[in-house]
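Student: So TrEMBL says this about it:
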- 48-70: transmembrane segment (TRANSMEM)
- 90-108: transmembrane segment (TRANSMEM)
- 114-132: transmembrane segment (TRANSMEM)
- 199-217: transmembrane segment (TRANSMEM)
- 224-248: transmembrane segment (TRANSMEM)
- 273-292: transmembrane segment (TRANSMEM)
- 304-327: transmembrane segment (TRANSMEM)
- 333-351: transmembrane segment (TRANSMEM)
Amino acid sequence: MSEAEQIPASASEAAASAVLDALNATDSNGTEALNATAKFVATPEGTALAYGSLVFMALLPIFFGALRSVTCSKSKNAADMPETITSRDAARFPIIASCTLFGLYLFFKVFSQEYINLLLSVYFFVLGVLALSHTMSPLMSRVFPASFPNKQYQLLFTQGSGESKEEIVNYEFDTKNLVCLLISTVVGVWYLLKKHWIANNLFGLAFALNGVELLHLNNVSTGCILLGGLFVYDVFWVFGTNVMVTVAKSFEAPIKLVFPQDLLEKGLEASNFAMLGLGDIVIPGIFIALLLRFDVSLNKNSRTYFYSSFLAYIFGLGLTIFVMHTFKHAQPALLYLVPACVGFPVIIALFKGELTEMFRYEESSEETKEEATESEKKDQ
């Protein structure tokens, strides 16, 4: 697969957060395409279509993932409970991401790129099928008529017997989930066999939406620590070394959104892609989703902080594209996204006099809430 202009990627994703850090680089317009003998120069129309499509695709998982994160935070189903990122996790993440990125760089230098990508394709095939199935599930519930025979199933694995019996896997699903799984598997086989960019994007959107929905920051301070650390991480690995660019060019997995710049000339068989790494969607996205849950907690029927951060994301991504296109040089997207997504809501909170309330907002799991309720009852 050849590539020309690429929107930078930055860090992590839900199911494979460490691996996402591989895609954090951007090639300038007219760079030599991989596995090609000639340079490709995109037309203005093709460039505008590619960039516009990538921005639109980036906004979808952030918007809908944030909305689903509100429902997810109230869920009592253990399978749907979010993974909460603490301040300690946030502080360690850039270090872990850097080690993973450099490890991948060494792997691609030492071992055959073909075999590594084959292994990664199989790995992400499994993850992609599960992620896409989970993404489609709410939609299928609306599509199927009420008369549809929706049978319930349970997959249960235990260890030991009697009183010492311990649950290893306890997964409940229904017929609609099986239909989603079947459709997702078809997309997965299409991706494995053809590596088509549409199949790649279906998996990429599913990964991003699941990441925004299921990865929760416990408070705004943790979000600032995470985004600040990855801000430094992104700038260093893009401007300071060629590690990120090398890994991005070598890595073949559905952990980026791509759109062909030669679509108008070649149709669906186009092969010169602009790309956006999922890290530049998921990392700001989980912070934007946190602000939406903060809006909900205020009980004011207002989504001021969510919409301001959402618009800030659009501004930051647009600025990234403008700078990259102007200077023809790789750009770390978080260099622009982090100040925008954090700065806009903080300024609004200052004007509204809610800055202290914003930073005091603390998310707790359903389990913690139940424990607190039980503790209050005992005290009474």
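Note: Cβ is positioned from N, Cα and C throughout, glycine not excepted.
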Student: Out of 90-108, 224-248, 273-292, 333-351, what stretch is closest in contact terms to the transmembrane segment (48-70), meaning most Cβ pairs under 8 angstroms?
Tutor: 273-292
Student: Under an 8 Å Cβ to Cβ limit, what residues of the same chain, 6 or more beyond the ends of the transmembrane segment (114-132), are close to it?
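Tutor: That would be 14-16, 19, 107-108, 180-181, 183-185, 187-188, 191-192, 195, 202-203, 206-207, 210, 250-255.
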Student: Let me check one thing: do the transmembrane segment (90-108) and the transmembrane segment (224-248) come into contact, meaning three or more Cβ pairs under 8 Å with sequence separation of at least 6?
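Tutor: Checked: the transmembrane segment (90-108) vs the transmembrane segment (224-248), in contact.
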